[in-house]
Every structure is written in structure tokens, then in C-alpha cells.
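Asker: Starting off with a structure, shown below.
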Amino acid sequence: MASLHIPCTTTATTPSSATRPSSRHHFAKPSHLITHAKRNNRLQISCSDSQKQKDSSQNADTPQGNVDRRNVLLGFGGLCGAANLISTHTASANPVQAPQIDKCGVATNLNTGKQLDINCCPPMGKNIIDFKPPPLVQMRTRPSAHRVSAEYMFKYNTAIDRMKRLPKDDPRSFMQQANIHCAYCNGAYDQPGQGTLDLQVHNSWLFFPFHRWYLYFYERILGKLIGDPTFALPFWNWDNPKGMTIPPMFVDPKAAIYDAKRNPANMPPAVVDLGLTGNKDPLQVVSNNLTVMYSEMVRANSDIYDFMGKPYREGTLVNPGPGASERGSHVAIHVFVGDPREPSGEDLGNFYSAGRDPLFYCHHANVDRMWTLWQYFLPNNKLIDKKITDPDYLNASFLFYDENAQLVRVTVKDCLDNTKLGYDFERVDLPWLDYRPPPQTAQAKVMRTVSTTRKADAVFPLKLDGIARVLIQKTKKGKADELLVIEDITVDTSKFLKFDVFVNDEDDNVGELDKAAYAGTYAQVPHKTNEKTATTTIRLKLTELYDDMDVTEDDTVLVTLVPRHEGEGVTIGGIKIIENPTPAKTS
Ligand code: C2O
């Protein structure tokens, strides 16, 4: 009997016994690997050798119509990873510095296959001042866009209209404001002092702070244009069923906040599809949406970086890794609204053009709200340390023109508390807060015998051109505090792409996310990076998923990756399960 001997001697932080089930099963069992197969045994795993492996996948019945059997990859991956833990969170360099406006160059859109150069540089500013919060007279309350009054809509449209009428070279004008996003996201700026290394505010811990500042100044400019310092941007409450359509005020073609470059198929009453599964049943889509929200806000994050995104410091290559919210609901809305008739999904479907649609700021007001909710309002997360104290985060800086067309340098540390910037959000329900998928019943389990296993390197790197299934070793048998690590996800940055991750999925209905087996998502909006590809790693917390699925006897799990868009633009370097290095504090 072939013995699978995977050393799991752990060198990482030893968790307290209070948070971790005690187990002596540090070694995988040599054979009789128990996995959760499909009820009807359509999925056969026989991994005795590569030929058998091939036969097995060729004989695997198609689990459902849209799964091509050639794409069902079976393998056994997952080295016990605790010793391989690489902490990306401790290294210190310098914070990313605000760009030099005088060095702003062309921005690039690579989405069309050919390079499209765009000038989105701001006008030169004479002197730069450091941000000082203006005295707080009255809190600006951002309203839910589906609930605003006619009076509010009038004010908002008037403000946008005036913004559109400002001289073209006024840094507060509509296109200049839109171009801020283009410049910071499509390679117009290099990191100061770092040669030609791009400055990029997405796919890292700068995502939330940058967009918070961007909206802050946008809102202040609009308020100034209508002489109302209490004016606040609306937020698109896409996380609530009542807000799961494009807010009606944006679809009036005569309104200043209208934009013609949107997907006509997704106009109201089309329900937003945060899971981008393409499921056509609106009730199912609402349920998927709430599941996505629950997953990215509550279930899948083991530490603050899983939510905020990975560290991005001076000299870091762009794209260190997006947080759960950025790569989930945030990307989905960009793609839902962007117009597929346009060459690059303009406007919202591509970063260089996203700021040209007023709906962008309404979308991002809700993204910003998610950050606030995560920081202050989620009881489920209260055991996670939510403060990043790293000076490379706190001192990262950006430049914006304020409501007086004054160039201002801002830092991350000054935007951590939205109320200190003078705004808050209308309180609405959080229907996803307890939207935990129902536990999966145990009867569906099928035992299969695996005589030997394939090494992970026989499967990886794995091009995600179809649904892929890989058997992964757990660090210990049964319910443990573990993270699923999808490593070295190499993506073509010029493409919109997405895949979902399921663990021990029993029913293979990939159009439904509201089930215990759904573990999380990776997605991106096309953008520019120095290289045409970017590589990142995501971690998905499995603790609650194990509670909702019967894994008591298991020392492996079956991981299913479901590409939703442009899977051929994604290569997965490896998958492993590690112990949670940051177990929740218990007091
Ligand atoms: Cu800067 Cu939603 O993108």
C-alpha cells in the first residue's frame, strides 16, 4: 500500500487549545482517502498512476450540461503548508508615495488586444498642501440611492451638470475627475523614485483608502458647486434586495447622471448578479447575492488582509492581492454595468473609463460603506484585529484637487474613520449579516478508495479553461481551523475574469452559490500593469464551512474551481490547506 507521507510539522504560531480542536492526526492517512463524491458517483477518482488518472477523467460523466469532461481535472494537491507560510505582512519598506504630477505620462488600456494610449493626466498644480480636515459643521449623510427624494435628485443632477460645465482644464470638471481613476489605475503614474514601476491603487490594501479619498473630494466639489456643504453622494445599496437593481434615477436619459455606455440588458428591473453566475432566476440571484455578501464580509476572512487586500509598499510590483470585497461584489458591479457593446466594456467595465459614469461614485460609496461596516458594525468579526498599524500603510499618500482647486496631499491614516471626514451613511438593514448557507446533509457522502495519489505538480500549474477538481490534503483530520490557499493565481490583467471556489460540493449546480460548499471568489476588472500578467494568492477561511459540512472523518477535501469568465486567462499555481495562522482571539 503506497504510503502518502506528508510531513505536517508545524512551525507556525501554535494556536491556543481553546480555539483549535486537538488532534494527533498530523499525517495523512495512507489510503482510503474519503472524499465527498457526487451522490450518483459520477465523479470517479482513481489516481493510481497518470494513465489511470487520464482514464478516470475521461470516463467521468459530465456532471451537468455545461461541464466539459475534458476539463475535469483530478489530482491530489496540497502540501501541509504551515511550514511554508510566508508572511507578507511584516516586511517593511517605505510607503507608496503620492505621484509626481509633472511626471504623469500616457495611460494604457490593453483590453482590446492592442494598446490604446490615453492622456488622463491632471492639470499641473502650483503648490501642494497637506490635508487638514475642515472644521465639522454638520455631518453629511450619504443616502441610499433607491430611497432618495425628488429634491435630492434635483440637487445631485444640478451639481453633476455644473461639474460637466466647468472648463475642461479645471481639475474639478467632470472629465478631469473621471481621469483621476484612469491615471491611478492604468499606469499614467510611476511610483516616485522607482523607475518605471507603475503606481496602481487596486488589488492591494490601498484599494479602500484611495477610493475613500477620491469620493471625499468628489463629494466636496459637488457640494461646493451647489453651495451646499451638507451634500452627500448616494450609495447604491446593492447588498440589500431593495437595492439590487441599477438605481432608477440613473436611467433617465435626460438626467445629468445618465451614461449611455451601460449594458442595456442590465437595466432595471434586472437584478444585479454579485456572483456573476449568469443564473436567470431572479430569486436565486438574490439569494446568491446575499451569500456572496456573507462570504466576503463574514465567512471567508481570517485576518484584516484577507478583507483589505495585501500590503503594497514602495517598490512592490502592482497587484499584490485584492481583498475579498474588492474582488467580489466590487468587481461584479463594474462588470454588471459595463457595456459589452463597447470594445473594452466601457464605461464601468474598465478602470480607465469607469469614472466617466456617475454611477461609479454611487457604486463606490457602497464599497466605502462596506469598509465602514466591516470596521465598526460586524459582530461576527469582532475577534479579528481590524487595525493595520504598519507605517507603510498609514503613511501611503495620494494627491487630489480639493473643492477649491487646491492640490492636496492626503495620507491613508487620515481617512480611517469616515466620521472624521465629516460623512456617514444612512442606516439600512444588512440582510446578509446572518445569511449563512444551510448545513449540507451528510447522507450525500460517498466513499471512494484511492490507491495512490498524484503529486500536486502533476496538476499545477493549472490553466483554468474549464471546471477543475482537485483533491487537497487537510492539515489534520476533521474540523480544524484551516485556510484554503489558492496560490500563484496568474491572471491576464487586460481581461475581466472570475472564478468561484467550492469545497466538497455535492450537487455541482454551479449557478447556485447559497450552499455550504461555496468558499469564495476571485475576480478582476481589466486594468494596466507593467507586465501583461499579475500573480497573486488568496486565502479562504474554512472553519465555518467545515461546521456546515460533515468533514469529521476527512483528511482531504475536494476543491472545485468554476471559471465564470475568461478562464483561459487564469493559471493556478497550486492549492493547499494550512492551519489558520491568525486564529481568532478568544477574549
Ligand atoms: Cu478603482 Cu471600482 O475601481
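Placement of Cβ uses the backbone N, Cα and C atoms for every residue, glycine included.
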Asker: Mind checking which of C104, C120 has the disulfide with C182 in TrEMBL?
Answerer: C120
Asker: Of the candidates C80, C104, which does TrEMBL name as forming a disulfide with C121?
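Answerer: Going by TrEMBL, C121 is disulfide-bonded to C104.
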Asker: Name the residue, out of H146, H202, that TrEMBL lists for the same Cu cation A site as H181, H211, please.
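Answerer: Between H146, H202, TrEMBL records just one in the Cu cation A site with H181, H211, namely H202.
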Asker: Taking the mean position of the Cβ atoms of H181, H202, H211 as the Cu cation A site, which residues outside that list, in the same chain, have a Cβ no more than 8 Å away, listed in sequence order?
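Answerer: My list of surrounding residues reads Y184, C185, V201, F207, F210, Y214, F351, A354, H364.
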Asker: Spatially speaking, which of the binding-site residues H181, H211, H334 is closest to C120 (disulfide bond)? Use C-alpha to C-alpha, please.
Answerer: H181
Asker: Might you list, by sequence position, any residue in that chain lying six or more from H334 (Cu cation B binding site) with a Cβ less than 8 Å away from its Cβ?
Answerer: L348, G349, A354, H363, V525
Asker: Near the Cu cation B site, what residues other than H330, H334, H364 in the same chain have a C-beta no further than 8 Å from the centroid of the listed C-beta atoms?
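Answerer: Neighbours within 8 Å of the Cβ centroid, excluding H330, H334, H364: H211, E326, S329, V331, I333, L348, A354, F360, H363, V367, V525.
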Asker: How many other Cβ atoms sit within 10 Å of the Cβ of C120 (disulfide bond)?
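Answerer: Result for C120 (disulfide bond): 22 neighbouring Cβ atoms inside 10 Å.
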Asker: When you rank H181, C182, H211 by Cα distance to H330 (Cu cation B binding site), which of the recorded positions ends up on top as the closest?
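Answerer: That would be H211, the closest of H181, C182, H211 to H330 (Cu cation B binding site).
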Asker: Does anything in the same chain, at least 6 positions from C182 (disulfide bond), have a Cβ under 8 Å from its Cβ, and if so what?
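Answerer: Counting only residues 6 or more apart in sequence, the Cβ neighbours of C182 (disulfide bond) under 8 Å are A107, I118, C120, A188, F351, Y352, S353, G355.
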Asker: What is the nearest of the recorded positions C104, C121, H364 to H202 (Cu cation A binding site), using the Cα of each?
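Answerer: If we rank C104, C121, H364 by Cα distance to H202 (Cu cation A binding site), first place goes to H364.
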